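Contents: one structure, followed by commentary.
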Amino acid sequence: MSQEGSIQLREQSSAPHFGAEEHRTIEQEPPDIDQTTSRRHDPKTKRACVLIGNGLLQLPIWGFAMSYGVFQEYFTTNWTLTGNPDLTGIIGTTSNGVMYLSMPVLFALFTRRWARHRQAAALSGAALTCAAFLLSSFSTDVWHLVAAQGVLAALGCALMYSPTTLSLGEWFGAGGNRALAYGVTLSCKNIVGSACPFVLRGLLDRYELRLAVQIWTALVAGTSIPAIFLVPTYHHPAAGAGLDGHRARKIPWHFLRHRTIYIYSLAIALQSSGYGIPQTYLNTYAHDVALLSQTSATLLLTIFNLPGIISSSFFGCLSNNSNKNSTNNNNTPNTSRTKTLLSLSLSAPAVTSIPALGSALSAFLFWGLTTPGSMTLLVLFSITFGFFAGGYSATWGSVLDELEREARASNEAVDTGMLYGLLNGARGVGYVSGGLAGVPLLRAG
């Protein structure tokens, strides 16, 4: 066969299918030779660099949002701005909400249409984040902080997160430990959440607000830029115009016909509405209500994020095993090893229910029964809630696998990058609603 003929066949195989008679399942489609060969020969060092880069990016992306409780507690005793001090309580949840709500749009853009611009977009996000934090250091009114830190910096962080996370999912695609890679990255996120409270508290105590925020800006720039260059875009034909100049393939929206995506989106929104409140108010509650020292209050926020280091990898591994066990059940003989793995396998609803129920019980039993001057129950709450709630996002790998299987069963195409963006959007809805509810709840006691 001539080279021209092979090129024509390759282009035909990558064209989208619209007619019902042309629908084929993912399992029936012949694998793209270039993609299969490329993945087989991808050097392990490149995947390692992608994982390291995404892990390092958790600091500039999530360090402020996960540690905002330190700033909230600082404002209660060092208020120098004009405006209502209660509005500072919405900065942390607004930051998380803006990041997550913008992700569906950003994931849709960078999945295919703008795939080749991922690194440039991430660098632009780093620049926007640094500019926003730098401007916030000169704030004189509370709305300046809300706009700069809660909105602009959050948009910049979302611009860093979305394209790099898409590349992470593609480098560790289905069958390549995608869920585990997500779990390891989320563990790095919780390492950041464990260390940053003390870092930011030390900066605030030594340099006060303006200089502390400026130092944080320099730290964001120094970590984000080299990390972004460690995450190259994964080149594959599905990216369409984003990579090779041809017209981009349309994103398939068939999954919107099924109720599964709505059930998981609602569950994620409900879980997230309660997750952001302790991050914002745990420090203030421990200091003002439980009458603990400033150091103890900061320690609680670290303890809150610390268990997520383990739980994210644990739930990521559990989700990854669930996917592999499902594949083995369909394609491999019933060996003793397969039986052992299957005995540890859980469905996606079961995997996602464990952290959701665990975090709800810990909030009801431990934080709800705390008395003034008692640190024991708050520590128990921070450990248990931090473990279960901190690992919840790592279960999304099993959700994506279930949605992929549902698409195969219905002879429909699916884009997991777009799905992951929508799940993050559902989390943003939860963060915003939780933040809006947190202010009146705090006033009510």
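Using N, Cα and C of the backbone, Cβ positions are placed for all residues, glycine too.
A quick note: this is a predicted structure, and the numbers were derived from the prediction, not measured.
As annotated by TrEMBL, compositional bias 'Polar residues' applies to 1-15.
Per TrEMBL, the feature region 'Disordered' maps to 1-41.
Under the heading transmembrane segment, TrEMBL lists 48-70 (among others).
Listed by sequence, the residues of this chain that lie at least six past the ends of the transmembrane segment (90-110) yet keep a Cβ under 8 A from its Cβ atoms are 61, 64-65, 68-69, 71-72, 117-118, 121, 145-146, 149-151, 153-155, 157-159, 161-163, 166, 242, 251, 272, 276-277, 279-280, 417-418, 420-422, 424-429, 431-432, 434-436, 438-439. Annotation comment: TrEMBL describes 90-110 (among others) as transmembrane segment.
Taken from TrEMBL, the feature transmembrane segment applies to 122-140 (among others). Below 8 angstroms of C-beta separation, residues 60, 64, 81-82, 148-149, 152-153, 155-161, 163-164, 209-211, 213-214, 216-217, 220-221, 224-225, 228, 231 of the same chain, each at least six residues beyond the ends of the transmembrane segment (122-140), sit close to that stretch.
Taken from TrEMBL, the feature transmembrane segment applies to 146-168 (among others). Within its own chain, the transmembrane segment (146-168) is flanked in space by residues 50-51, 53-54, 57, 60-62, 64-65, 87, 90-92, 94-100, 102-103, 106-107, 110-111, 115, 117-119, 121-122, 124-133, 135-136, 139, 181-182, 185, 224, 228, 231-234, 417, 420-421, which lie at least six positions past its ends and keep a Cβ under 8 Å from the stretch.
Taken from TrEMBL, the feature transmembrane segment applies to 180-200 (among others).
A Cβ distance under 8 Å defines the sequence-distant neighbours of the transmembrane segment (212-231), meaning residues of its chain 6+ beyond its ends; these are 49-50, 52-54, 56-57, 59-61, 63-64, 119, 122-123, 126, 129-130, 133-134, 136-137, 160, 164, 167-168, 200, 203-204, 206. The transmembrane segment feature in TrEMBL is assigned to 212-231 (among others).
Per TrEMBL, the feature transmembrane segment maps to 259-277 (among others).
Within its own chain, the transmembrane segment (297-320) is flanked in space by residues 66-67, 69-70, 73, 177-184, 186-187, 189-195, 197-198, 201, 278-279, 282-284, 286-287, 346, 348, 351, 354-355, 375, 378-379, 382-398, 401, which lie at least six positions past its ends and keep a Cβ under 8 Å from the stretch. Here TrEMBL flags 297-320 (among others) as transmembrane segment.
Per TrEMBL, transmembrane segment is recorded for 341-369 (among others).
Under the heading transmembrane segment, TrEMBL lists 375-395 (among others). Counting same-chain residues at least six beyond the ends of the transmembrane segment (375-395), those with a Cβ under 8 angstroms from any Cβ of the stretch are 179, 182-183, 186, 190, 193, 271, 274-275, 278, 282, 286, 290, 292, 296, 300-301, 303-308, 310-316, 318-319, 348, 351-352, 354-359, 361-363, 366-367, 369, 427.
Below 8 angstroms of C-beta separation, residues 92-93, 96-97, 100, 352, 355-356, 359-360, 363, 389, 392, 396, 399, 402-403, 406, 419, 422-423, 425-431, 433-435, 437-438, 441 of the same chain, each at least six residues beyond the ends of the transmembrane segment (259-277), sit close to that stretch.
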